[in-house]
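Colleague: What TrEMBL lists as domain 'Aminotransferase class V' is A:29-331. As annotated by TrEMBL, N6-(pyridoxal phosphate)lysine applies to A:Lys196. Sequence annotations record features per position, and here TrEMBL assigns substrate binding site to A:Arg341.
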Number of protein chains: 4
Amino acid sequence: MFSPNPVFIPGPTNIPEAIRKACDVPTLDHRSAAFGRLYRPAVAGVRRVLRMDEGEVFLFPSTGTGGWEAAVTNTLCPGDTVLAARFGMFSQRWIDLCQRHGLNVQVIEAPWGEGAPIGAIEGALRADIGGTIRAVLATHNETATGVRSDIAGLRAAMDRAGHGAMLFVDGVSSIASMPFDMAGWGVDIAVAGSQKGFMLPPGLAILGVSPKALAAMDSATLPRAFFDFRDMARACAAGGYPYTPAVGLIAGLSRSIEMLEDEGLDAVYARHYRLAEGVRRAVTAWGLRPCAATADLQSDTVTAVVVPEGANGSDLVKLAADKYGVAFGVGLGEVAGRVFRIGHLGMLTDVMVLSGLATAEMCMADLGWTIRLGSGVAAAQDYYRGSTGIVQQAAA
Amino acid sequence: MFSPNPVFIPGPTNIPEAIRKACDVPTLDHRSAAFGRLYRPAVAGVRRVLRMDEGEVFLFPSTGTGGWEAAVTNTLCPGDTVLAARFGMFSQRWIDLCQRHGLNVQVIEAPWGEGAPIGAIEGALRADIGGTIRAVLATHNETATGVRSDIAGLRAAMDRAGHGAMLFVDGVSSIASMPFDMAGWGVDIAVAGSQKGFMLPPGLAILGVSPKALAAMDSATLPRAFFDFRDMARACAAGGYPYTPAVGLIAGLSRSIEMLEDEGLDAVYARHYRLAEGVRRAVTAWGLRPCAATADLQSDTVTAVVVPEGANGSDLVKLAADKYGVAFGVGLGEVAGRVFRIGHLGMLTDVMVLSGLATAEMCMADLGWTIRLGSGVAAAQDYYRGSTGIVQQAAA
Amino acid sequence: MFSPNPVFIPGPTNIPEAIRKACDVPTLDHRSAAFGRLYRPAVAGVRRVLRMDEGEVFLFPSTGTGGWEAAVTNTLCPGDTVLAARFGMFSQRWIDLCQRHGLNVQVIEAPWGEGAPIGAIEGALRADIGGTIRAVLATHNETATGVRSDIAGLRAAMDRAGHGAMLFVDGVSSIASMPFDMAGWGVDIAVAGSQKGFMLPPGLAILGVSPKALAAMDSATLPRAFFDFRDMARACAAGGYPYTPAVGLIAGLSRSIEMLEDEGLDAVYARHYRLAEGVRRAVTAWGLRPCAATADLQSDTVTAVVVPEGANGSDLVKLAADKYGVAFGVGLGEVAGRVFRIGHLGMLTDVMVLSGLATAEMCMADLGWTIRLGSGVAAAQDYYRGSTGIVQQAAA
Amino acid sequence: MFSPNPVFIPGPTNIPEAIRKACDVPTLDHRSAAFGRLYRPAVAGVRRVLRMDEGEVFLFPSTGTGGWEAAVTNTLCPGDTVLAARFGMFSQRWIDLCQRHGLNVQVIEAPWGEGAPIGAIEGALRADIGGTIRAVLATHNETATGVRSDIAGLRAAMDRAGHGAMLFVDGVSSIASMPFDMAGWGVDIAVAGSQKGFMLPPGLAILGVSPKALAAMDSATLPRAFFDFRDMARACAAGGYPYTPAVGLIAGLSRSIEMLEDEGLDAVYARHYRLAEGVRRAVTAWGLRPCAATADLQSDTVTAVVVPEGANGSDLVKLAADKYGVAFGVGLGEVAGRVFRIGHLGMLTDVMVLSGLATAEMCMADLGWTIRLGSGVAAAQDYYRGSTGIVQQAAA
């Protein structure tokens, strides 16, 4: 059931040995002092990874979706307006979640393959003279299209518009793999998940929450209980937890951050760039192109490869799984069939990436796509062997 | 940080080797067919453990609290009335959760140490001529007081009253350790958690949902997204999941059920009775008494021991942790300080229980309580050695 | 310290998840009946893998070297003559071991890159009119040169010569990866190690011993204690062990054999042929050649690649380890520097092999060898994608 | 097959979580520099535990028995005389091993239950005017009888006798649990095993070898190959190993020593005394006595309990295993049936010991021995709760 081959999905990612072991813990009494000794360093580490200088970190036994729900239900009231751009499956899902909670979502449509449309967002904020927009929702890395949005630019636009909305950022597939600067970018809530850059198993929603967002907590009237920040803040301040915590994942999170910091966060980001760049060169060598419209939009954690006219990316994904035991990602939503996705985040080396590229080539040949075997591999090899000055090895 | 001694908290429980290993899995593509091969047997097994003959099982990456939230938000509308008795911390918390979601909770107070007051509930239902009560909430095993309620009796009362309310049961600390009969008792939603009788790490809310509760899903207007049954049902029917599943816990759940069924569910229940009975005899030998008001109310998964006048149960719990590395449970809510709790569920043997009883005795002596060392141990030894005709050993 | 990349050494091999877990056991009393329940299926499985129809299996907490020592010390007397060919490092080491034990080793020299010289052995046996040769020592798969000898042919030669010597075969790097037929080939002692085809960690010498070799046990006067077959046979017959057994490795061995048999031994052998053939095609595409003199000598578990004139194979191995975190094997003994070795045995997939080939190519380019990046990978891809009718995936 | 109860055999011992994980490693190329990074700290740690100030440490993938064999075959010649006392099964086995290797063993018989008879040994050495005795063999802790010999006293006797024989000490069941001082006691070879005080799985013989013993290496003519110190010394000096090392156990050994030193070796020894003393008080409370003849001989790692007249200790061991899933040790050799043994070494807490004592009591009652349930437990509880000033908790 479990293949020894690496996975190349944009999360959950390959899990390092050390994290596997850190997560696999015997039972611990979460009402004892031992829990605090486990919990506090994890939280402190998340603060460093997110680059928070104030505010709180919350860890929910949940997923990124739960993290979104926590973000909005703890800060907003039924009927509140939020502003969001739709340019991929995950931005779409967040919009849907807000609508289910009775929020008024002002949606800005953008092409799939582009990022958050900063100009349009700025325009919408400027037009919001009454200040009804309570929060701007942004997907930092749209996993469906392999597009990274410019959150620093978005913050600048919000500042230019002089609008006081909160800024909520979905960093599920970017945080801990690509630079993130919660304080510098003025992010009010950042949402991450355990199973991406943190290289953990799924099961933990990780949130950084600014004082401004915390201040909204008491007036927020959207109903919530499991995801209530207030319970979590109160319990954690007392060294506890409002219900049974995911002790293993919290232990693993500390270990993850230790690994990330041993490698160096900048080195981690550089490694992801390097791995991604090799993949992009392979894609070019194949005569194909990433879904991301321009180079500056290209994500360093996932590349959505636009398949040749008439081909179906999902066929490649299925074949890779069935014939070679390798997992790639299918296209989702508007780009279903039109792309296949190569995840290159988390614990991954250039050597592992090369096996993924080689597999993709075999599948393309099997499917009758125009491909010269070894061509993409060679382009990536050439790049990888010349770029190892950049720290390259994920710890294991 | 992790003691080699067993824990004696009423969950999370000691985790068997085989389950530790089953949960510790490499990354699997949850969009591939492999996920279905993992998921389906887990769900089928839960059906057998809950004794469901129809309806659906849902597994949320969450906890029992999340399970409660899922139960009410998927079946009810703001302002709906539910009927619930308050007789311990967990029944109290569920009431609070309903109130936060804007439900009208008709609360029946009962003494802590007693179970769900069936007569009073029947009376309330009979008095509800207009049929405004949409659901009756019952805590099968009140973990705070070590009290088991009579769900079969509650169902009979509901039938006698001829009331059509749904019956939601919190079985978090009973299911898979004490007999449960969802079909026989006409339970509409049963909520379990991974970290109790299933002997798994925390992180999974396990729900059995009857057709009647499923039918309420579409008209329910309480907002929900992460916990939405509709998304879960649709995704799982297609072999997928609405977001990233807790693959390791799902794999572990299958293994857990395999272990439970290898031992035999009836043997599992008999073992829990036997372990609990040894603890109760020790308590009597100590000159103390369980919090549960009468013998028929005594839980087989946790015993709350009423401490001597003037003593504080939390002192014993703290001392056991600090001096002996053993975890017991403190009293919660109304019985804070007045009891300490011995959990005896999940993977546990008589031999392990004896070490817990011996530790409790040392603590009592250390605290100056009146205790003859070895007295409770001897009472339990005497019972255990005479009762091994009952299948006794938890698999490891 | 541990790279997430696969290793490509000819043992120890990459270890499947399931075997990692099977080996990682809590403490078990090896004097209890539980040990027999663990031990017996492992031994029975080894019998099937070796294709024994009679005789005994012995498992020593040791390595292949210890297995050789056990083979000779339990069957021979000081001064006894054994016949052995030297054509690689491991045949050489076995000869040296015999000499240390005071045996008279009649050595037949053969070129490194060739196999056991059957004609010369037959000649030596025919010339041994007095029957002084007690045993013929043969290295089935010479790991240093990637050469497989023809044991069936050797047996036929021994039969033709009408010589009654015992036949001892070092199958450390062949057994469980390439066809082996102890009964059919009339092998008297076969020596295997845990860390090759059985995919286990190192630490277990695995021996199959024929009745003829067992019969030599009582008259053998070479001193031995730890490796004494007599103690082992007596203890194991009684369900015990003469000292503390490597319980984890024995548990893992059962699991290994279960995995091998689930895949099917013939399928396992076919997979190794297929993986090896891809490597050989890559070598040819690189313009290089295997050390094995002729195609029929080529091992399916390891390929020793002869490096270009003026190049040093050990440079490649060092660079691969230091720069890419990938382990290949250096040349040993006579072929030190002149080859580097690619191990392709145990838990391995075509996808993993491709990453090894890609790494080797990068190293060659880095070292200034004449190489077109991607060329070997393409040759292997072409072969692999066309040959998946052969069962291919190692279980994990 | 694996019970969740602790084992109470005198090795293999209960294995801490952290060591289980440290041993469970992926494959590492033992010819790479990474191996040295793993090996060197393990060896350095062993030096500290043994209190060596010079000489070498050797780690063989084997057991204590192999360690004995290595000790004698690397330092002695056929026909050499060694002096050894026989006072238990393990001293007996070492004598037997020497005899199999053609050594002339001058045996001093001593009652089982006493230690090495220092006076008789001194006498024998004084009588050996010609200096034919090459080595004195001493069993520090005779696991069969629970007797600790006075090695410091033995060294003083050797010095008084002015005899130059080497001193070889079997410390398999003492080292890392009871004080050991290789330099201070002038020990020439100390033999330990991984599965006792080091709390590792079985599979590693650990030897400390003095310069004097190393000097004997070249003139020693007993045949050896697998256990040859020369190969091991040469290979390890070059950062390698003469064959495939037990990488996992070596990694675990480093972790073990880290744990021992985190607790503090003196604290480890004090803990073992404390655990043992509780057991001894229980034995007295039962009206029984240890096999060790006098208090100063009582081992802190294992207590052999002399059973009542007419009773058979092996019955208790069998019953404990079959009925309660708890492992004790049977009597061996001369004391077979007459004792049962309680191991109390390695990772163990007072709480765990209490469960063992409680189990022994249940078995005694089941077998009809005269016993008051809880009596031994109470005696141990009383001692344990009053002695926690001594550092008590094994790390997990």
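Glycine too: its Cβ is placed from the backbone N, Cα and C atoms.
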Colleague: What mean pLDDT does the predicted model reach across the domain 'Aminotransferase class V' (A:29-331)?
Modeller: 97
Colleague: Roughly how many Å lie between the Cα atoms of the residue listed as 'N6-(pyridoxal phosphate)lysine' and A:Arg341 (substrate binding site), rounded to a whole value?
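Modeller: On Cα coordinates alone, these residues lie 15 Å apart.
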Colleague: Report, as a single number, how many Cβ atoms besides its own are within 10 Å of the Cβ of the residue listed as 'substrate binding site'.
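Modeller: Step by step: centre on the Cβ of the residue listed as 'substrate binding site', count other Cβ atoms within 10 Å, giving 27.
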Colleague: Specify the count of other C-beta atoms within 10 Å of the C-beta of the residue listed as 'N6-(pyridoxal phosphate)lysine'.
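Modeller: Taking all protein chains shown, the residue listed as 'N6-(pyridoxal phosphate)lysine' has 30 Cβ neighbours within 10 Å.
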Colleague: Name the secondary structure element type, per DSSP in three states, that contains the residue listed as 'N6-(pyridoxal phosphate)lysine'.
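Modeller: DSSP call for the residue listed as 'N6-(pyridoxal phosphate)lysine': coil, neither helix nor strand.
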